[in-house]
Amino acid sequence: MLLVWSLALLLGAVAGKEVCYDRLGCFSDDSPWSGIVERPLKVLPWSPADVNTRFLLYTNENQDNYQQITADSSRIQSSNFKTNRKTRFIIHGFIDKGEESWLANMCKKMFQVESVNCICVDWKGGSRTGYTQASQNIRIVGAEVAYFVDFLRTQLGYSPSNVHVIGHSLGSHAAGEAGRRTNGAIGRITGLDPAEPCFEGTPELVRLDPSDAQFVDAIHTDGAPIVPNLGFGMSQTVGHLDFFPNGGIEMPGCQKNILSQIVDIDGIWEGTRDFAACNHLRSYKYYTDSIVNPTGFAAFSCASYSVFSANKCFPCPSGGCPQMGHYADRYSGKTNGVGQKFYLNTGDKSNFSRWRYKVSVTLSGQKVTGHILVSLFGNAGNSKQYEIYKGSLHPGYTHSNEFDSDVDVGDLQRVKFIWYNNVINPSLPRVGASSISVERNDGRVFKFCSAETVREDVLLTLNAC
């Protein structure tokens, strides 16, 4: 294997080939596109005709059936494309296609909250091949998107700053290529678990990076190494804001079957996509849910996910927290730096949104061993019970914990406390909470008090102090 790798690198030192196309320019297999450690094989992208990039337009007026448009004034003007709206391109990844339901579903969620030109970019002609070839074909896709964006600018006076390109997997790097070719003029690029193989550790010219748009954000969901873990996504930061939900490696609800570990990356076909790539696909599912949950994906600046999980990164700072997904561009500090890392937790199935709270309970009553749980009641909803502490319960002691609720309760009105230990105790001990404070991610604290105690498995309601 080492010999093959060495030979490939030696071949990479040989003078490269180049192909040129009228509209899109020239493409070389020279370094860094080929012949480097991360992509040792000399491979050119296929022709534009073979890749066959298509633009499938959905709008608020045609939500169920796309209109295929091209960089042609009459074709665009006869469509439902509106120049007074933002335009969001969605680019699929390896093996996928533009007509796949998740792209149209993402558009439909957008139509619930905004008027928008939603363009699904289909390049299945170039995505359904070996991975190495597909990773080169995205250069053609990126060039086609850049050509389309430039056409909108020159022929229709449509500013690239009104363009948002969303790419999944290889589509993230196609978006980066489009951004590079438009000199960073595109308003926003979102990378949904940007593909790792042939891109992790490569020069910025090759992959998505912060210079590709005015604002670049990324969601990382499958960041384990491709060998031996078959993690398809990058762990490397690629944007101004990089989000690592659930740590960015293993997503709740995704249990990889052992058979998925032996599937070669050049042989994962459509039928095994969900089976083998659950973590990788979570990124676009999170983004889709975020569109209709504008406060449900608050993410926290933290040194690492382990520090976040140790409850050391709450609440949000005075400038607030960014929302992972659709509304990341509302964050005031979005371009204050590059490679800003943020962490959060999600649910294990849709709706994936969660709202984080910190609850502190000061105990009263008798000393026992057991568990204490709290549920929240607010003007927007009620939460289920969450465990705050288990162990020795001492009166006067305060115990704190953070949890991610599947309900945004809004402004807190009351809380309910319960304890249990499943131990038969003839003395029937009583435990209470003299005070409970609840802090939201915006830093607002609600305080509740009670002078009562209760027996095991009996609810105690605390009202505002």
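Note: Cβ is positioned from N, Cα and C throughout, glycine not excepted.
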According to Swiss-Prot, which candidate among CYS321, CYS465 shares a disulfide with CYS449?
CYS465
From the disulfide entries in Swiss-Prot, identify which of CYS107, CYS120 pairs with CYS118.
CYS107
Here the Cα-Cα span from CYS26 (disulfide bond) to HIS280 (active site, charge relay system), rounded to a whole number of angstrom, reaches 32
Which one is it: of the disulfide-bonded residues CYS118, CYS313, CYS316, CYS465, which Cβ has the fewest other Cβ atoms within 10 Å in this structure?
CYS465
State the Cα to Cα distance, in Å, between CYS465 (disulfide bond) and CYS316 (disulfide bond), rounded to an integer.
25
Of the recorded positions listed as CYS107, CYS118, ASP193, CYS254, CYS321, the one whose CA lies nearest the CA of ARG207 (Ca(2+) binding site)
ASP193
Residues in the domain 'PLAT' (355-465) per DSSP class, helix first, strand next, coil last, are 0 helix, 69 strand, 42 coil
Check each residue in the chain of CYS302 (disulfide bond) that is at least six apart in sequence and keep those whose C-beta is under 8 Å from its C-beta; list them in sequence order.
PHE308, LYS312, CYS313, LYS341, PHE342, TYR343
Across all protein chains shown, the disulfide-bonded residues CYS254, CYS278, CYS321 give the max Cβ-within-10 Å count at CYS321
